[in-house]
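Worksheet: the structure to be examined is printed underneath.
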Amino acid sequence: MANSVNFLLLVSLLAFAPFCLCSKKVGGYLYPQFYENSCPRAQEIVKSVVAKAVQKEPRMAASLLRLHFHDCFVKGCDASLLLDSSGTIISEKRSNPNRNSARGFEVIDEIKSALEKACPHTVSCADILALAARDSTVLTGGPSWEVPLGRRDSLGASLSGSNNNIPAPNNTFQTILTKFKLQGLDIVDLVALSGSHTIGDSRCTSFRQRLYNQTGNGVADFTLNQYYASQLRGRCPRSGGDQNLFFLDFVSPTKFDNSYFKLLLAYKGLLNSDEVLFTKNQVSAQLVKKYAENTDLFFEQFAKSMVKMGNISPLTGSRGEIRKICRRVNKY
């Protein structure tokens, strides 16, 4: 009798083994069904609030997608970016990549508030960022993917990490690639994820040097289409107008598609960090061409790379916490 019980136990364990291995392979300790029982409407609630925000202001989709990216590149995907300064915490919102440009925090607050009403102290702010990024992509016409869930929220922030780890618009290709590799992302991820610039805006201050003084010798960037450059100078003067906004993809600025890559082929990438994907490396240039030719290929890789990025050093188990308010750590 004991032997038969042991045999049945072994069979049942083996039956579940492939599932366990599969889920760990896909997203470490994260898996899409994480809130299936504890908060079954979690994804529906996030999508509802994001949809309302994007309908009100289409630009918000790009802003929410960017928040997830800027969060994951600093200490992993742990919602450290959402923390305001208080006590010993110096907010990442003050960093060069985020100051005067990171936005959408009020939308995250609204999502968190709705989730706290539906299922208190259950859904992390880090998972909200991951879901909002996916929903923003889908709402603007991009691909969908299953978001592995189960991240927990950090107890601190890193201003220096935000200043140093996030790729800057004027970084060289090699610097950008190095910053991606430090996060476990490769050149394919770099090109695919840069495709998120098919939606959203950038400020004059982020690309001014390309118009007037690319290498410090007072000469414009020769890899920027000169007719396009003259158009940009109209609203981005040598001084002033720092916050003036320009579409990253002026062909279809609110539609998630592959026109961003087509613009790179025409030397009309707005940021230096965009155009170098085509001009400074043969491997990335070939990927740009492929994605410009094939939307499905771009969408498929973008979804894969977003899952990969979302799995950067998540806090799981008993590490971190589930914040009640995304802007501050819980008080015990």
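Think of each number as a place in line: the chain as shown, counted from 1.
Each residue, glycine too, has its Cβ placed from N, Cα and C.
Features reported for this protein in TrEMBL:
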{"type": "BINDING", "residues": "Asp71, Val74, Gly76, Asp78, Ser80, Glu92", "note": "Ca(2+) 1 binding site"}
{"type": "BINDING", "residues": "Pro167", "note": "substrate binding site"}
{"type": "DISULFID", "residues": "Cys39-Cys119", "note": "disulfide bond"}
{"type": "DISULFID", "residues": "Cys72-Cys77", "note": "disulfide bond"}
{"type": "DISULFID", "residues": "Cys125-Cys326", "note": "disulfide bond"}
{"type": "DISULFID", "residues": "Cys204-Cys236", "note": "disulfide bond"}
{"type": "DOMAIN", "residues": "29-330", "note": "domain 'Plant heme peroxidase family profile'"}
{"type": "SIGNAL", "residues": "1-22", "note": "signal peptide"}
{"type": "SITE", "residues": "Arg66", "note": "site 'Transition state stabilizer'"}
Quick one: of the recorded positions Cys72, Cys77, Ser80, Cys204, Cys236, which has its CA closest to the CA of Cys326 (disulfide bond)?
Ser80
Quick check on the recorded positions: of Cys72, Val74, Cys119, Cys125, Cys236, whose CB has the lowest count of neighbouring CB atoms inside 10 Å?
Cys119
Could you check which of the binding-site residues (Asp71, Val74, Gly76, Asp78, Pro167) sits closest to Cys125 (disulfide bond), going Cα to Cα?
Asp78
Which number gives the other C-beta atoms within 10 angstroms of the C-beta of Glu92 (Ca(2+) 1 binding site), all protein chains shown included?
28
Excluding Asp71, Val74, Gly76, Asp78, Ser80, Glu92 themselves, which residues in that chain have a Cβ inside 8 Å of the centre of the Cβ atoms defining the Ca(2+) 1 site?
His70, Cys72, Phe73, Lys75, Cys77, Ala79, Leu81, Ser154, Ala157, Ser158, Gly161, Ser162
Cα-to-Cα gap, Val74 (Ca(2+) 1 binding site) vs Cys39 (disulfide bond), nearest whole Å:
28
Just give me the nearest neighbour of Cys236 (disulfide bond) among the binding-site residues Asp71, Asp78, Ser80, Pro167, Cα to Cα.
Pro167
Under 8 Å Cβ to Cβ from Ser80 (Ca(2+) 1 binding site), same chain, six or more residues apart: give me those in sequence order, or none if nothing qualifies.
Asp71, Val74, Glu92, Ser154, Gly156, Ala157, Ser158
Between the Cα atoms of Cys72 (disulfide bond) and Cys204 (disulfide bond), find the distance and write it as a whole number of Å.
25
